[in-house]
């Protein structure tokens, strides 16, 4: 804290008793004597007014209680980069030598920060530092030009999140001294970005990862700055209130990951503006209020030219409630992984199974690998579940008579393909099951592992409507054996010694006349 004010005090980021704010006013506030700073708090609940006092407006706040007047001597204006770096990383013989180290992420890269507990003699020398974290160190400026480059020229990864940086120009003054800079996290610095494209320099010529979460940047400002990031691969823009206002032309063309999560102004029409980034593989759209998406260039069963390289899509915590959303995702030519947790659509027990059936090339769902037998089961169940609807809409096992309606094909774009893959559902499969009656439909069966004589014979009660596929799934969990390796047959208590194979996974136990007291034989 100091009574000496910076020359450019208006717009400066400051910290007061652990709370962060931006200086909006400096001067007298009559009738109280002395110098005052008018600040707008990041947390509006911390303030008392909207920037006015006794009828006079001294500055404006976005929130009616976002402002306060404070004395300069209680305000922390921060310190330069190198001073903060030395405080954190230079080895000392003081009582706090055993400060903890911590693990953090800068973009998708895991970084082990160097606490005093892990510092070696070599690492204590600033020149040897490569990955650093100055999180919450009150860094506000670059300091004397050239000193950073001289003291620590080998830094590649920098976490400057939650500091007191005020402008993008100040960031440039730091970055231009780090010639090998690859990853930079500036999250939670309320930065003033240039309103026009800055002069192109080589400042960020090696930068691959840039994190700008909660910085207040707009999409227009992103595009103004982007030409200065020629090799950028990962860009994080979470929680900025961003609206995508224009298509990136000659900018962000090397981008592989884009995080737009928690920007509720983004909708499906805006996503079309970033749909032709040629190398975009990962797109993070969690918590933006998304409910629909549409790729108008692709008909049913065709692939879109939009998002050509997209392999991983995250749409957690949105408002997705219609299966048409999932149908559209099957049009993405490269999509292999999807995360869509905590959406209205995914609350049902069968939701994940239906998603697997609807998106043919999907290999990972909600961070879980989709095994071949799981896909087969999901597709067979889907084919059976909508078989009656398919028949009513004009579907037929005879190819010459198979003419399902356009409405059905729109709702179930992959159904015809599944019929080609597994065959059309048979009449027996589509019969309505009789109402469940516990007394005559619950079978008590013995389960014997034929090629594992040491295995104890089990006894289970199973519904006679349970399909062979579901029985295999149950046995797979009980015996810790993959479903694909299980072979099932049974011996009837009425015909000892005769073994009947259960070869059709889609048929229920009752189809094979399995009865109470019979024995299921399991091999693998």
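The backbone N, Cα and C atoms fix where each Cβ goes, glycine too.
Copied over from Swiss-Prot, here are the features:
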| type | residues | note |
| --- | --- | --- |
| MOD_RES | 2 | N-acetylserine |
| DOMAIN | 27-71 | domain 'CAP-Gly' |
| REPEAT | 154-175 | repeat 'LRR 1' |
| REPEAT | 206-227 | repeat 'LRR 3' |
| REPEAT | 254-273 | repeat 'LRR 5' |
| REPEAT | 279-300 | repeat 'LRR 6' |
| REPEAT | 309-330 | repeat 'LRR 7' |
| DOMAIN | 343-381 | domain 'LRRCT' |
| MOD_RES | 460 | N6-acetyllysine |
Rounded mean pLDDT within the repeat 'LRR 6' (279-300) lands at 97
Stretch among 206-227, 254-273, 279-300, 309-330 sharing the most Cβ pairs under 8 Å with the repeat 'LRR 1' (154-175): 206-227
What residues elsewhere in the chain lie close to the repeat 'LRR 5' (254-273), defined as a C-beta under 8 angstroms and at least 6 residues from its ends? 107-108, 213, 230-248, 279-290, 292-294, 306, 314
Give the nonlocal contacts of the repeat 'LRR 3' (206-227) in its own chain as ranges (CB under 8 Å, at least six residues past its ends). 106-109, 161, 168, 175, 179-191, 193-198, 200, 233-246, 248, 250-252, 259
Long-range Cβ neighbours of the domain 'CAP-Gly' (27-71) (under 8 Å; 6 or more residues past either end): 9, 14, 16, 19-21, 190
What is the number of residues in the repeat 'LRR 3' (206-227) that are helix, strand and coil, as DSSP sees it? 9 helix, 3 strand, 10 coil
The residue listed as 'N6-acetyllysine' -> DSSP, reduced to three states, gives strand
Which residue counts does DSSP give the repeat 'LRR 7' (309-330) for helix, strand and coil? 7 helix, 3 strand, 12 coil
